[in-house]
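Lifted from TrEMBL, the feature list:
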BINDING   Leu161, Gly165, His166, Leu167  (6S)-5,6,7,8-tetrahydrofolate binding site
DOMAIN    19-120  domain 'Serine hydroxymethyltransferase-like'
DOMAIN    153-426  domain 'Serine hydroxymethyltransferase-like'
MOD_RES   Lys273  N6-(pyridoxal phosphate)lysine
SITE      His272  site 'Plays an important role in substrate specificity'
Amino acid sequence: MSRNAESTAFRSALEVIRAVEPRVADAIGAELTDQRESLKLIASENYASPATLLAMGNWFSDKYAEGTVGRRFYAGCQNVDTVEALAAEHARELFGAAHAYVQPHSGIDANLVAFWAVLADRVESPALKKAQVRQVNDLTEADWFALRRELGNQRMLGMSLDAGGHLTHGFRPNISGKMFDQRSYGTDPETGLIDYDRVAEAAREFKPLILVGGYSAYPRKVNFRILREIADSVGATFMVDMAHFAGLVAGKVFTGDFDPVPHAHIVTTTTHKSLRGPRGGMVLCQPELADQVDRGCPMVLGGPLPHVMAAKAVALAEARRPDFADYAQRIVDNSQALAEGLLRRGAKLVTGGTDNHLVLIDVSGYGLTGRQAEQALLDSGIVTNRNSVPQDPNGAWYTSGIRIGTPALTTRGLGTAEMDQTAELIHTVLTQTTAGANADGTPSKAKYTLDPALADKIARQATDLLAPHPLYPSVDLT
Ligand code: DSN
């Protein structure tokens, strides 16, 4: 597609929207301007291609398609079948997976589908067999009551939130912590790394039904072969949430023991982080779980979004191109350059560095909370997010960490030299920010001071850094 065709497509779309509600058209245009001007270091964000974005804005959005390909609860789904089957085929080929389910609307939804597929396979199906009935509606009231109790009393072992796990891996305020009798494994207090012997010990003691691997704020590779061995040793189903690093798996940066797909019974992901697709989720699994996973909608999920499945098909096709592997490697090169630049300037990093797309700065080294650091960086045109560090004294709201990631800036074409300059900007802001106090003189976890002139200067430097790497260069809305 030529540059003109992309500009024409987006300009025409905005013209049509403007005729109905100009404020929406203005907000869409303003979002592009903001994204173009900000140094985006949010580890879980990226920039999808124009083709992916355009695949979402159409009449597929009008169609209900509960069920799966060829087995729908609604008539007239032939075109939805085409895009869902295409997205699933690209996903299977890209990841070498036996089965792919592309309907989940998000990572949380994908994890819920996976949890309920395992519960159905390992708890519900044996109960139905024992009662010699085909489905739950055929159970007696007493058997149904007993099954519901059993479903609600299963065990899950996942990585704790403050060690870098995700809130859906059993954090009590999340539904995963309420659904399961849950325990967490953490990281070694000295190194910040996963201690596989401790995970094995926890698994032996707790005997979980599901062992969850994967993370949203752990800056290292995970050995999924070892985790699978641990799961097998206690009869657990091994599930991996690769939402953050799916792009590194797709791009063959993580292979062998570090690729979860050959090792896990079931793998969940989002499609919009390092994978660079539309916002959404996906489940990959081994054949024995495929039927249960395909029941995701309508058992767990609301109606699938065919326009997003169309965009998933486009983005997954892009990820199968040879240049995606180069992109994935550059994400990690950039992340390591950013980590090295920060370390050289004296920053304290969780685990002392990174193997993947993200870096976790322990900002207590600068005398700040995560919240103060996040806001001071934002004042300076640098978009990050605060995040807990292991054994965080400031909890999940204020936190003591800043999580930064390189998938988005790598998409724009920034390289390792620019990462060193980015490290300089971040370090300057954090060293020049001072924690504030409450009215009664006690230390505040939110207030801070940063000279506005310095913040403006850094923001201008950030803009200069981005200038040679325009975002969506093929899209001209003027
Ligand atoms: N919001 C995603 C992240 O930032 O890691 C996961 O929920």
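Heads up, the Cβ atoms here are built off N, Cα and C, so glycines get one too.
TrEMBL: automatically predicted annotations, no manual curation.
Residue environment of the residue listed as 'N6-(pyridoxal phosphate)lysine' contains 27 other Cβ atoms, counted within 10 Å of its Cβ in all protein chains.
Shown in sequence order, Gly158, Met159, Ser160, Gly164, Thr168, His169, Gly170, Phe171, Asn174, Tyr215, Ser216 are the same-chain residues outside Leu161, Gly165, His166, Leu167 whose Cβ sits within 8 Å of the Cβ centre of the (6S)-5,6,7,8-tetrahydrofolate site. Compared over the binding-site residues Leu161, Leu167, the count of CB atoms lying within 10 A of a residue's CB peaks at Leu161.
Annotation for His166 ((6S)-5,6,7,8-tetrahydrofolate binding site): same-chain Cβ neighbours under 8 Å, separated by at least 6 residues, are Gly107, Asn111, Met159, Gly214, Tyr215, Ser216, Asp241, Ala243.
All protein chains considered, the CB of His272 (site 'Plays an important role in substrate specificity') has 27 other CB atoms within 10 Å. Each residue of the domain 'Serine hydroxymethyltransferase-like' (19-120) gets a DSSP state, and the totals for helix, strand and coil are 59 helix, 9 strand, 34 coil. Taking the C-alpha positions, the distance from the residue listed as 'N6-(pyridoxal phosphate)lysine' to Gly165 ((6S)-5,6,7,8-tetrahydrofolate binding site) comes to 16 Å. The average pLDDT computed over the domain 'Serine hydroxymethyltransferase-like' (153-426) stands at 97.
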